[in-house]
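Contents: one structure, followed by commentary.
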Amino acid sequence: MKFLFRRLFFYALTAWAAVTINFFVPRVMKGDPVQSLINRYQGQIDQDAVHSLYVLFGLDKKQSLWQQYVEYWGQILHGNLGISFTFFPTPVSDVIRTSLPWTVGLVGMATVIAVVLGTLFGTYLGWRRGTWADSFLPVMTFFSSVPYFWLGLLFIAVLAVAFPVFPASNAYTPGLEASFSWPFIQSVVQHAFLPALTIVLSSVAGWILGMRNMMVTVGSEDYVTVAQAKGLPERRVMYGYAARNAVLPQVSSFALSLGFVVSGSLVMELVFSYPGIGTQLLAAIGAKDYPLMQGIFLVITLAVLLANILADVVYVFLDPRTRQEG
Amino acid sequence: MSPAVDTTPASSPRPATARTRAEGTGARPILEIKDLAVDYGYGENRVKALRGVNLTLHEGEVLGLAGESGCGKSTLVYGATRLLPPPGLISAGEVLYHPADGSAPIDLLRQSDADLRAGRWQDIAVVFQGAMNSLNPVHRIGRQLEDAIKAHRPKSTGKEREARSRELLEMVGISAERVRSYPHQLSGGMRQRVMIAMALALEPRVLIMDEPTTALDVVMQRQILEQVQDLRDRLGFAVIFITHDVSLLVEVADRIAIMYAGEIVEEASASDVYRRPRHPYSYGLLHSFPPLHGPRRELQGIPGSPPDLQNLPSGCPFRVRCKHVMPECADVHPELGRTAFDEPRREVACLLHDAGHQVPEELSV
């Protein structure tokens, strides 16, 4: 328990640092949001409108930095991340709320599938190393070494254009109403298939290799030999002794990759015109939309932290040695 | 489920069963290793780690296996139990196990995988060299004790298995509560005792101990050895005890086999090896540590270093380090055979004992 509390304290500290940096970075940059909005409309805004914009962004008050900082925390705790320029006057939180589920759903699913498949394959390949099964490895590493955008384009060219089995873009057929109805879900799955497939193909090799190498290392541990000498069934030795220990590093890598799920596969969302958070981030950078960028960064940071907390908790369950008070 | 083990306290007087039976000539063989050869690697560069080793273990005896590091002691037992890690390969020989019911012996090297698994731990159990890493770090001790029982006695209930594992821990002097502990919560000596308890879980007929006390301090070493001897006297299993510590072997073993460069060079009863070594290498080994009893004697090492198994000298592999070397040692490879004095139940592989040679004084006491 002490261990968990110490970890939680550490995470709270990290979250605080992330939010604080997020607060200061735009304030050390030149110009203010109103100036950049004026630039967007090429100066065709009259003085009254400029003044009301300052009021809207809360920049009319002459506050000290400390007061601003306190107010900023208040806003964040209420889920208020400001107003986006690009989608003016939509609040940033709304923009994130509509795009985040698509990314988390698709990339999250694909990552989980890649991890599960990769770990299972890796377990098998590591256990039966030196057999014909090893020839799988170069094929899988080929897919991960190909640049992702090229792989995506290739799949679009073949499975969406030459043989139009799957749609080439969007998250669902335009015009369908978003609901939990069968046609909508079917459309979502159909649209997600190609992006998910390419993500799995390009990332699974890493998981296979990681697990395989750990299996080879753990396979020469004394306790695996002891398990064999005990005459346990081979499946029991393979899963209960070898894989059970080899999987521990996979868990940490998985937690780290969960953080990247939220930032989305930027390239994937571009190639497949997927309306996820990566697309929004790109739009925000292109338009110098600081509030949106800040909001997305904050969500990503918190997601990475959350994923790490999760990994810590899972690790404590999986490895009794971490439970030791020290 | 096997019948409960007699849990008489360790201090009970030692019954004179096993030891006397083994020393009498009538003991039946239980494990016969015949012409076992093991290579590491393939082709031209393979290392012939074991070259035609013959060894017989009799019921209830403690057979000690001694020699320098790298002489093939561990390879011998790993090979005989088919636990050799790659790239180790058994290239020849057979390992005959004589079942308890007196039926025809089984060749372990030609057994099917399923039969081999069924027989492991039940017939032959092993206590490995690295006690520190022999336990799975993520499972509780109890679970690891129980899964061996479960694999071989599928009809036993969970309750029976737990009772048995508690009993086993008590037997090696560890509190039964420790079944709930993880390996990292135990000291090295406790872990080694857990391994011994685990090896005895199914009451095997043969217990192989591969340097079981090397990583422990002398006090712990003695405690564990006394415990093993005591258990052996009560349960009557046969032991193959591997160590490079000959002084230790002289105490615990009934018979000793000395190995050099992948071969057995001398085999005799423990007291014979200790008092009357017949092979120059045995003599060297015995004179490289101070005696605990008897008159003081001068310590002598063995000159040179252990042989390179990839590049063995012709003839006798020990000749380059032997102070009694003769011209013909370079041509003739000595085979394990009778001594020059025709002593019963002891064998030596040295040309000095062939007819027409004078055995040096120090080897003919």
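In case you wondered, yes, glycine gets a Cβ from its N, Cα and C as well.
Just so you know, TrEMBL annotations are computer predictions that nobody has curated.
Record features (TrEMBL):
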TRANSMEM  A:7-25  transmembrane segment
DOMAIN    A:100-311  domain 'ABC transmembrane type-1'
TRANSMEM  A:102-127  transmembrane segment
TRANSMEM  A:148-168  transmembrane segment
TRANSMEM  A:188-209  transmembrane segment
TRANSMEM  A:254-275  transmembrane segment
TRANSMEM  A:295-318  transmembrane segment
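Beyond its flanks by at least six residues, the transmembrane segment (A:188-209) meets 105-107, 109-111, 113-115, 117-119, 121-122, 125, 136-137, 140-141, 143-144, 146, 148, 151-152, 155-156, 159-160, 166-168, 170-173, 250, 253, 257, 265, 268, 271-272, 274 of its own chain at Cβ-Cβ distances under 8 Å.
Sequence-distant contacts of the transmembrane segment (A:7-25), counting only residues of its own chain at least 6 positions beyond either end whose CB sits under 8 Å from a CB of the stretch, comprise 68-69, 72-73, 76, 294, 297-298, 301-302, 305, 308-309, 312. Across A:102-127, A:148-168, A:295-318, the stretch most heavily in contact with the transmembrane segment (A:254-275), judged by Cβ pairs under 8 Å, is A:295-318.
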